Amino acid sequence: MKPKVMNNNVKEELDHHLDEDVDSTQFKSCGHPIASSCDEAHSCLLRKKPTGVEETLDCAMEKSVTEQDVITGQPLGQPLALLSYHEAPAYLQFNPYIRSGYRGYLSTKMCFESIFWMTNETVNIWSHIFGWMLFLGLTLYDLCLLNIHASFTDKFIVGLLLACFQICMVMSSLYHIFSCRSEEHFQCFLSFDLLGIALSMLGIYMTGVYYAYWCHKGWQTFYLSSVLAIFLLAMAMQIPKLKVPDQVKLLTFVGWAAYGVVPTLHWTIMMGGLDNPIVSLLLPRVVMMYIIIGIAFTIYITRIPERFLSGRVDYIGSSHQWWHAFVVLALYYWHNTGIKYIEYRMNHGCSFDLST
């Protein structure tokens, strides 16, 4: 049985409607902000547009006659139109008090370019780029220029601490740069960001325990091992297959931070309390470190000030930006505390250890 042949007039009518549907939908499905990249949008349009448009697009791109981006209509080299909260990809809608300045589904190249745009992520990106530069400079100063006769082990510990801080800054910046690439990229770089935070906490604990229990190797080994075990547990929770809830991950980090009180109190009692010069010197600095982190975490979870200034601090002054600033301050403060610890131990050794 032969298939029926469609009447030419009917076929042309259907093709006409299909072309209209393609034109009306492809810009929605391929164009900003839904396309995963402008390159994909461009290729999608080339596949679907009627004959002759390819030449028009190529001509516009090659000659730059209009100096407009073919896909978005934006001036070449300028940022894409930023999105409101409701226009942003769903996976980026986690802070309803930030109302504007969102990027959405940019290509890798445009993610890098967006570093120089003014978005609600600009301060987050640059605050930790500058933080990385700060800790890189401190590394060069401490290990190369600072004229202290420290042992190789001491230099290694300081170098390890600053390396952890630098990784934390880099991972954070990369997360904020590429979070708009796609949901998969968001989750991937969020894991890197959490890894950076965990490494910075590990560096803080390792240096603190190493110098606090310098003259008590048994306790030093115990606390270093326990800190490392918690670090490995926190990292295991990031494995996607385990599907650990985000709240559990957060509580693990909070518990890990709180755990620092245990070796601190133990050390204070073991050293004889505030009557010991090293305790009176360093315990207040440990307390201040917790105060800084406590303020930062409170701002982070309460989303202050945007909770009370919704839409007015989208670009500058939001809680996450303050979180970044306090994190850099805390890490810098701990670096200075570590230097004081090293200098004290080099000058006094174990002469003020009151315990046996």
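Here the Cβ of each residue, glycine as well, is placed from N, Cα and C on the backbone.
TrEMBL: automatically predicted annotations, no manual curation.
In TrEMBL, the Zn(2+) site is described by His320, His324, and among His86, His176 the residue recorded at this site is His176.
Listed in sequence order, the residues of the same chain lying 6 or more apart from His176 (Zn(2+) binding site) and placing their CB within less than 8 Å of its CB are Glu121, Asn124, Ile125, His128. Using a 10 Å radius centred on the Cβ of His324 (Zn(2+) binding site) and all shown protein chains, the other Cβ atoms total 25.
A Cβ within 8 Å of the Cβ centre of His176, His320, His324, the residues given for Zn(2+), is found for these other residues of the same chain: Glu121, Val123, Asn124, Ile125, Ser127, His128, Ser172, Gln321, Trp323.
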